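The active site, proton acceptor annotation in Swiss-Prot covers 205 and is backed by similarity to another entry. The active site, proton donor annotation in Swiss-Prot covers 208. The annotation domain 'CBM20' is assigned in Swiss-Prot to 501-608. Per Swiss-Prot, the feature N-linked glycosylation site maps to 200, 427. Swiss-Prot lists 1-29 with the feature signal peptide.
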């Protein structure tokens, strides 16, 4: 046998190092090279989708994050509060890590969100009760989107507050206390008021499909309130709504069913509840200082690990591209097994989130110098380290069982990144999904969230962790949960550029109309009031068919209108296949009651011609 020399020099040194390196080391080295390259591509991809200078989104306002340049099949050329906040959280973290060129975008986002908070929309108004903060998406110039949608969505305010609190903490540490207090805190305070007031009300989940209580939403709402209480203390101000944090944490425990996390509860939609929602929630509330038995359900928590295994295993035999991949190795991961959107495919952002989840867990175990394996998490560890038993493992030398398990979990995380790498095109562009049978990218191109998710995964793999958000200091949940609420206080953040809107006295008018429609047809109410679009069909108010039945084809919307106003209105049908709108043949009128008057409900029936599907 020919032995390799103990040392090498000159041009042979690289060859020598490669020869000595184990195959797993070479594989990790190759993956590291890919991640470094793709991370730069992903950052530029995200920046290309942010106005006003983003090359892919002409027309986007300053500081507005566009979900994707795609304008058809699907049309994602809008700004979502959730996607925007997650993207800015990534950008703020990159800024804190040293990329100072990003500060202008952060400042533009702050101004854009201050203004956006005050924009009246189909979810409601900003004043007096903040209900409009639950609107999920807007046009790319920051104006209201009036189309039918899954609204409200209650994660946006919490996620925006988290992003802005991260930046505020940096400002405080860098001698800019006044900037954080006078300019940014008022935006944060509005969002935290919304969370404290509405956390216990259902809303649509992050996939905009299920009206329920969402794990991802509740987990981020709790973090926002805990972090908000600490920031308020540091700034010497009051956090309205932050007192609700223990109740939110109490409710968070309701999602565990003994085997896995049910991502949406208080709903019966025929699904198992296994959903990428639960992985995304854990990584967005990751705290490097957290204890692994924390009720915040960190990545290293036994329930989170058990859920990770059950969830990812559901996709092993579901997608053709996962065929033959054994347990303990990464697979392409989608939203949920029952998904049919665009054919129900794996998503880049969830596949990289799976890797990030595992990197997070390893970081937490290493920070605590201990790993506790219990019956709940045992199956997760068995897949990647068969010798594992139910016991406590303490950190030791490089050959200790603790170190071996850390290496095994890290390699498992890397295998998810390798799956993403396999199906990312050579130019590094990231769409929303990739085909379950062929791996070909599909759905929205250049998805901003996909780019942001790749970067946050890259940060964790590189050992770059955000500062603690205070999970250790969070008040424990009460013994018995209570569906409580704290009325919010809402004030326009004028120091950040918000208009000084005022609250007029309004009365809720519920527009009910019986109108038989076909699938794909929508109804609007339009009228002389600005809240009803001022007769401009582009600004008409969408009605909801959530209570529609065959016996009663009800379309409805509750709209606050100015007290004493005389309203002229009619209903309009929006046809499919780009067919023209169909207007009623009558004009209706009503008078809004005086200030303090009782709410009014109409009982209308469609009068006029009806449409039919264009069968496109």
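Cβ atoms are placed via backbone N, Cα and C, with glycine included.
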Largest tally of Cβ atoms lying within 10 Å of a Cβ, found at which of the glycosylation sites 200, 427: 200
Active-site residues listed as 205, 208, least Cβ neighbours within 10 Å: 208
Between residue 200 (N-linked glycosylation site) and the residue listed as 'active site, proton donor', the C-alpha gap once rounded to whole angstrom: 18
Integer Å distance between the CA atoms belonging to residue 427 (N-linked glycosylation site) and the residue listed as 'active site, proton donor': 30
Between residue 205 (active site, proton acceptor) and residue 427 (N-linked glycosylation site): CA-CA distance (Å): 32
Helix-strand-coil residue split for the domain 'CBM20' (501-608), DSSP-based: 6 helix, 46 strand, 56 coil
Averaged pLDDT score, the domain 'CBM20' (501-608): 93
